[in-house]
Amino acid sequence: MKVTLPAFEKARVLVVGDVMLDRYWVGPTGRISPEAPVPVVRINQIEDRPGGAANVALNIAALGGKVQLSGLVGQDDTADALTRGVQALGVEPHWLVVEDKPTITKLRVLSRNQQLIRLDFEEAFDKHSSDALLNQAQARLDDVDVVILSDYAKGAVGEPADFIASARAKGVKVLVDPKGSDFARYRGATLLTPNMSEFEAVVGTVTSEADLVDKAQKLLQDLALDALLVTRSEKGMTLITPNAPELHIPTVAREVYDVTGAGDTVISALATALGAGAELPQACAIANTAAGVVVGKLGTSTVSRIELIEALKSHQGESGIGVVSEDQLVYALEQAKLRGERVVMTNGCFDILHAGHVSYLAQAKALGDRLIVAVNDDDSVRRLKGDGRPVNSVDRRMAVLAGLASVDWVVPFSEDTPQRVIARLLPDLLVKGGDYKVEDIAGGAEVIANGGQVKVLGFEDGVSTTAIIQNIMSRH
């Protein structure tokens with residue numbers, strides 16, 4: 001997946017929601033308590049990390065965005081620890097202090113990288129406190145481009161309909177990480193990011209991909225939303241927007257150690273990318289990559305811009321999905337175009353791959369984000385080149401092409417020209433090597449009629465499959 005990171009420092013984001021402190025007690029365990037059948041943990045490390053909506057804000061700051069944070073806290077030492085934690089990492093906190101409630105704290109006891117127990121210290125905040133918080137946050141809308149409502153059902157978000165309407169009226173995008181079975185509270189928001197269980201709690205059990213899309217489209221209409229991004233664990237995530245094909249983004253996680261805060265990372269990366277000017281499909285791809293990084297960490301964590309860049313390099317260094325059928329490629333191209341990727345296509349026999357081919361394909365790939373190579377099958381090559389050709393079977397030719405870093409997809413065709421397959425795939429740019437005239441290139445007219453372009457590239461002089469074959473024969 002080709003993803004370009006925007007200038008995150010341009011993003012101005014306000015996070016409103018349930019802030020909390022994630023406290024970790026860590027130590028070894030080597031025996032069972034004589035008082036009860038439970039392990040004894042000898043604590044030798046205590047660590048506090050901002051969690052919930054505060055973790056969302058920290059993720060934005062880690063990516064380089066400017067972030068303000070509004071939340072409800074108690075008048076206690078935990079609130080002081082939370083303040084120190086967010087300020088140290090560049091987040092501007094705006095607390096509303098509720099004197100008769102504690103600051104929400106999640107205490108986790110860990111040993112050998114395993115969580116043994118979690119202890120929650122919390123009391124739900126009432127509607128009066130929530131309304132006061134949303135009114136306070138509303139005064140900050142002129143200073144931001146994106147708002148995140150981070151709802152953990154602890155009372156901070158409450159009934160946000162008026163706040164959402166005010167933000168949208170000012171042109172501010174409102175992203176919601178929802179909670180509970182009543183998404184109607186978020187009516188009019190720009191986008192919701194439920195996980196699969198949260199989504200099914202609202203719409204019912206999803207029985208298929210088509211059913212997911214149908215239910216999502218109905219929810220979009222019922223709640224007047226611009227989009228839904230359903231996060232699906234090992235299946236990645238699915239973006240649904242009105243009157244457009246769904247966009248499936250596969251997971252990029254290599255190893256999963258801890259899913260704590262993964263949803264926070266998704267919505268924070270999404271908001272930062274949108275605030276920096278990224279289009280929605282690109283922003284979702286960025287969020288998906290960020291989530292793949294954070295689940296490889298233990299505990300509540302953030303993802304830095306450098307980590308995101310390295311993850312994208314690693315992921316995009318793969319040579320795509322290789323040899324595909326036409327039907328597979330049609331679907332892949334729909335997804336690529338939804339992501340805003342520029343697709344380049346070329347074709348040929350590529351019987352004996354040589355330096356000229358490699359140079360030509362690298363030039364072609366440099367003109368876009370994705371490169372398709374359509375390859376004549378064996379019968380087609382034989383008709384074009386004569387008996388004794390091809391030297392290599394179509395399967396071998398395609399396997400070698402798919403191994404090149406410049407090539408994303410390789411697809412065979414059986415006709416003498418690729419006109420039919422080009423007309424079906426309709427790339428953004430069709431390229432051909434040699435001294436062709438644009439008007440003589442097979443499939444060129446169809447590409448141009450679809451708004452695409454056709455370009456002729458030069459071949460490397462003195463290098464050809466025919467010359468290589470003749471050279472081999474002359475030596476033997």
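Glycine too: its Cβ is placed from the backbone N, Cα and C atoms.
Counted within 10 Å of its Cβ, the other Cβ atoms near Asp264 (active site) come to 30, all protein chains included. The active site annotation in Swiss-Prot covers Asp264 and is backed by sequence analysis.
Under the heading ATP binding site, Swiss-Prot lists Asn195, Met196, Ser197, Glu198, citing sequence analysis as support. Applying an 8 A CB threshold to same-chain residues 6+ apart, the list for Met196 (ATP binding site) reads Val206, Val230, Thr231, Arg232, Ser233.
Residues or ranges marked as region 'Ribokinase' in Swiss-Prot: 1-319.
For 345-476, the entry in Swiss-Prot reads region 'Cytidylyltransferase'. Confidence across the region 'Cytidylyltransferase' (345-476), taken as the mean pLDDT and rounded to a whole number, stands at 85.
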Which one of these binding-site residues, Asn195, Ser197, has the sparsest Cβ neighbourhood, judged by other Cβ atoms within 10 angstroms?
-> Ser197
Surrounding the recorded ATP site, with Cβ no more than 8 Å from the Cβ centroid of Asn195, Met196, Ser197, Glu198 and those residues left out, we find Pro194, Phe199, Glu200, Ala201, Val230, Thr231
Using DSSP three-state counts, the residues of the region 'Cytidylyltransferase' (345-476) come to 55 helix, 26 strand, 51 coil
Shortest C-alpha distance to Asp264 (active site) - which of the binding-site residues Asn195, Ser197, Glu198 | Asn195
